[in-house]
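Engineer: First the structure, which I've put down as structure tokens, then a few questions once you've had a look.
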Amino acid sequence: MTQTDLNNTEQKPVMVLKVGGALLQCDMGMSRLMQAAAKIIASGQPIIMVHGGGCLVDEQLKANGMITEKLDGLRVTPEAQIPVIVGALAGTSNKTLQAAAIKAGVTCLGMSLADAGMMNAKIKDPLLGLVGEVEPKDASYLEFVLAKGWMPIVSSIAISEQGEMLNVNADQAATALAKLVSGSLVLLSDVSGVLDGKGQLINSLNREQVNELTKIGVIEKGMKVKVEAALDVAESMGQAVQIASWRHAHQLIALCQGEAVGTQIQP
């Protein structure tokens, strides 16, 4: 590698990669994703991985005799459910991903949004219970970890100044992290991107188009939250955000090489 290559490598922005959905229940999917991440990191592209774990949370709540309720695509989080949700996300989900990363040869660090003062967190809406919203605060810990060549794996659990453990939507957590490190944002889901009313992939969307598709019910529930998070970053940072599928992990490498994958949310 030439000095020019090294300089180009050093200038690569951090890729904030949000994963979730059924990925955590698919060993092959996790393996392929982490192998792709290993190649990307080896090329000099730093990655922060952010995750939810809704499927596991649903399972754990059901096992504990608790009901899952959602409002506009966001999980309602009563105080009684917090121990289960925190355990599923910051515990089992985080360590499951960390194990897959280590198996793929990725040096990684499991953490949450509450670590090292990286985020300010508060309750989003009393109607949602202990659901949090976060704002970027201090990137120094993440910068230290990334400078070591390690991959942070961040669960979407935050803690408020009042000491409340809060469940943050993982797409919104990824948005805040992308802003914190001025990075590019890729939101991976169970589907290949945003689909139209006929189930066909939409290659590119702007706010006006999103508003229209939301109005007619094509974009709804969890995808609505995801697209709104993507628009937030696209507009505030002036760069496109990708929504793609974890099922096609090789596309991440293509994305790093400048190719478009999934749906691009335009500023």
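Here the Cβ of each residue, glycine as well, is placed from N, Cα and C on the backbone.
In case it helps, Swiss-Prot gives these features for our protein:
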| type | residues | note |
| --- | --- | --- |
| SITE | LYS18 | site 'Transition state stabilizer' |
| BINDING | GLY53, GLY54, ARG75, ASN167 | substrate binding site |
| SITE | LYS226 | site 'Transition state stabilizer' |
Engineer: Look at each of the binding-site residues, GLY53, GLY54, and point out the one with the fewest other Cβ atoms around it within 10 Å.
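Structural biologist: Lowest Cβ count within 10 Å among the binding-site residues (GLY53, GLY54) is GLY54.
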Engineer: If the substrate binders are GLY53, GLY54, ARG75, ASN167 per the record, what's the largest distance between their Cα atoms, in Å?
Structural biologist: 12
Engineer: In the same chain, outside GLY53, GLY54, ARG75, ASN167, whose C-beta lies within 8 angstroms of the Cβ mean position for the substrate site?
Structural biologist: GLY52, VAL57, ILE85, ALA88, LEU89, SER156, ASN169, ALA170
Engineer: Using the alpha carbons only, what distance in Å do you get between GLY53 (substrate binding site) and LYS18 (site 'Transition state stabilizer') once rounded?
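Structural biologist: About 11 Å separates the two Cα atoms.
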Engineer: Considering only the recorded positions GLY54, ARG75, ASN167, LYS226, which residue has the minimal Cα-Cα separation from LYS18 (site 'Transition state stabilizer')?
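Structural biologist: Checked the recorded positions GLY54, ARG75, ASN167, LYS226; minimum Cα distance to LYS18 (site 'Transition state stabilizer') goes to LYS226.
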Engineer: Got a sec? Which of these recorded positions, LYS18, ARG75, has the most Cβ atoms within 10 Å?
Structural biologist: LYS18
Engineer: Whole-number answer please: how many Å between the C-alpha atoms of GLY54 (substrate binding site) and LYS226 (site 'Transition state stabilizer')?
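Structural biologist: It is 14 Å, counting Cα to Cα.
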